[in-house]
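Here's what TrEMBL has on this protein:
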type: ACT_SITE; residues: ASP39; note: active site, proton acceptor
type: ACT_SITE; residues: ASP177; note: active site, proton donor
type: BINDING; residues: SER12, HIS70, GLY146, PHE147, GLY148, GLY149, ASP177, GLY178, GLY179, GLY199, SER200; note: substrate binding site
type: BINDING; residues: HIS37, ASP39, HIS70, ASP177; note: divalent metal cation binding site
Amino acid sequence: MTFSRAIKIAPSILSADFANFGAECQAIGAQGADWVHVDVMDGHFVPNITFGPATCAAIRPHIKGVMDVHLMIAPVDAYLEAFAKAGADVISVHLEAGAHMHRSLQTIRALGVKAGICINPATGIESVEYLLDQIDLINVMTVNPGFGGQKFIMSQLEKVRRLRALIGERPIHIEIDGGVTIETAPLVAAAGADVLVAGSAVFSGGSVANPAPYGENIRAIRAAAEAAR
Ligand code: DX5
Ligand code: ZN
């Protein structure tokens, strides 16, 4: 992975057909997705359950770009190696999910994987200030994690602007996760984000049998974001 601040569209397979993940990953890749965002939920840190490392390993061969694994689980440290072995390129952990974030982030990097920190809408950026040399990505949650299809929380735009200034020239991606649409993509791009996760906005209207809408959605979100920079 070479670092760039170009806009990356990362469809979340939380909105894909769960019975058909391999084909869904291939379809969004063919339709222009840059990254594939993989939402792992435990029913404990968040009120929903998705899947674990075995599913990540199974879909990895069907992903041509970056596999971006978002861990919404607590505790997290005992599972990091399994997600690295499953082929994750980026593993992100929640600041709110553990007391020893330096340790978790160091473990991820020691496994040869890019390390990300996720912050919930109620968490301030001062919490990441002393982690900046430990991370390759910050995921700013613009919904409360747990479900796709929620409404974008507008107050997070100010947080993204402040975070962008705090990061300066450091090679750290700013990822936005939750409620990204053609309407909100320009707002977050203008505020300084470069990785846009989108679940419902990418998968709506399409399917493995009819993937063209995926491409239309991805191109529309990308164009809206790029025009705002
Ligand atoms: C929420 C997940 C998101 C979610 C985004 O907990 O982390 O990645 O799938 O879904 P949309 O784009 O539908 O808000
Ligand atoms: Zn996510």
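Heads up, the Cβ atoms here are built off N, Cα and C, so glycines get one too.
Where the annotation comes from TrEMBL, it is an automatic prediction and has not been curated.
Locations of recorded TrEMBL features on the structure.
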residue : record                             : contacts (Cβ under 8 Å, 6+ apart)
SER12   : substrate binding site             : HIS37, VAL38, ASP39, GLY148, ASP177, VAL197, ALA198, GLY199, VAL202
HIS70   : divalent metal cation binding site : HIS37, VAL38, ASP39, VAL40, SER92, GLY116, CYS118, ASN139, ASP177, VAL197
GLY146  : substrate binding site             : MET41, VAL46, PRO47, ASN48, MET72
GLY179  : substrate binding site             : THR142, VAL143, GLN150, LYS151, PHE152, ILE153
SER200  : substrate binding site             : SER15, GLY148, GLY149
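With a cut-off of under 6 Å between the Cβ and any atom of ligand 2, the recorded positions ASP39, GLY146, GLY148, GLY179 reduce to ASP39. Its Cβ taken as reference, ASP177 (active site, proton donor) is surrounded by 25 other Cβ atoms within 10 Å in the chains shown. Highest local Cβ density among the recorded positions ASP39, GLY148 belongs to ASP39, counted as other Cβ atoms within 10 Å over all protein chains shown. Within 8 Å of the Cβ centroid of the divalent metal cation site, not counting the listed residues HIS37, ASP39, HIS70, ASP177, the chain contributes ALA10, SER12, LEU14, VAL38, ASP68, SER92, ASN139, VAL197. Its Cβ taken as reference, HIS37 (divalent metal cation binding site) is surrounded by 28 other Cβ atoms within 10 Å in the chains shown. Farthest C-alpha pair in the substrate-binding residues SER12, HIS70, GLY146, PHE147, GLY148, GLY149, ASP177, GLY178, GLY179, GLY199, SER200: 17 Å apart.
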